[in-house]
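Visitor: According to Swiss-Prot, the protein has these features:
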type	residues	note
BINDING	K9, L10, S11, G12, G52, R56, T159, Y165, D168	ATP binding site
BINDING	G51, D71, T132, G133, N134, P135, F136, F137, T138, T139	UMP binding site
Amino acid sequence: MAYKRVLLKLSGEALMGDASYGIDPAVVQRIAQEIATVVQDGFQVAIVVGGGNIFRGIKGAAAGMERATADYVGMIATVMNAITLQDALEQLQVPTRVQTAIAMQEVAEPYIRRRAIRHLEKGRVVIFGSGTGNPFFTTDTTAALRAAEINADVVFKATKVDGVYDSDPKLNPQARRFTTLNYNYVLNHELGVMDSTAIALCKDNSIPIVVFDLFGEGNIRRAVQGEDIGTTVGGSCEVS
């Protein structure tokens, strides 16, 4: 299946490369190059980026911070990643806008749904930073929410693995990779696709989710073009 308007969910950890913290410029440039190719192909691209390479709210809470405060710090981390990715894309002459749910007018536009859609219609990449703007919500939930708001055809979750497995493939060499799954199976079996709120949002709005390996050469383009890579989660999908 080919798509027109897509939402790409990037984890903050994906921007680290082989480092244990921060941003690897070479990785960001490679991701930007792939996104640029997709834009040149005529697709409308929105992006939600996490902040776990800099700060993760739930870990901060576990270390003694108030959870809401820790989540706000994590939201700010996502903006750092969003601006970094924007810079890499604009160096490739890809017009890009960052919109944030928390006002940061010196560095980003406020999130306005109609403006975001207009940017996409004009061929600009839109990167959504600072999550939903509310604590206790993950960036996976942000991806599902923004996808519904902008009428995206699909959510692509780019990860370090090539799909969804029935157990951890690092611990179990016999782990089975699924090709397709339905929302209810994912929710009932608590598979680590996205958190349950994000899955439920996609289910309620009939938005398919494609989980694929970000680091396979050309995988972003292949996924957007509708090739069968990774695992697809959808309402009509059989478990296979």
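Glycine is no exception: its Cβ is also placed from the backbone N, Cα and C atoms.
These figures come from a predicted structure and were not determined experimentally.
Explain the structural surroundings of these features, please.
Guide: In the structure as shown, the Cβ atom of D168 (ATP binding site) sits within 10 Å of 10 other Cβ atoms. In the three-state DSSP assignment, the secondary structure recorded for D168 (ATP binding site) is coil.
In sequence order, G131, M194, D195, T197, A198 make up the list of same-chain residues 6 or more apart from T138 (UMP binding site) whose Cβ falls under 8 Å from its Cβ.
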Visitor: Given the binding-site residues G51, T132, N134, F136, which one's Cα is the least distant from that of T159 (ATP binding site)?
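Guide: The smallest Cα gap between T159 (ATP binding site) and any of the binding-site residues is with G51.
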Visitor: So, three-state DSSP: helix, strand or coil for F136 (UMP binding site)?
Guide: coil
Visitor: Under DSSP, is G51 (UMP binding site) helix, strand or coil?
Guide: coil
Visitor: Taking the Cβ of K9 (ATP binding site) as the centre, how many other Cβ atoms fall within a 10 Å radius?
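Guide: That number is 27.
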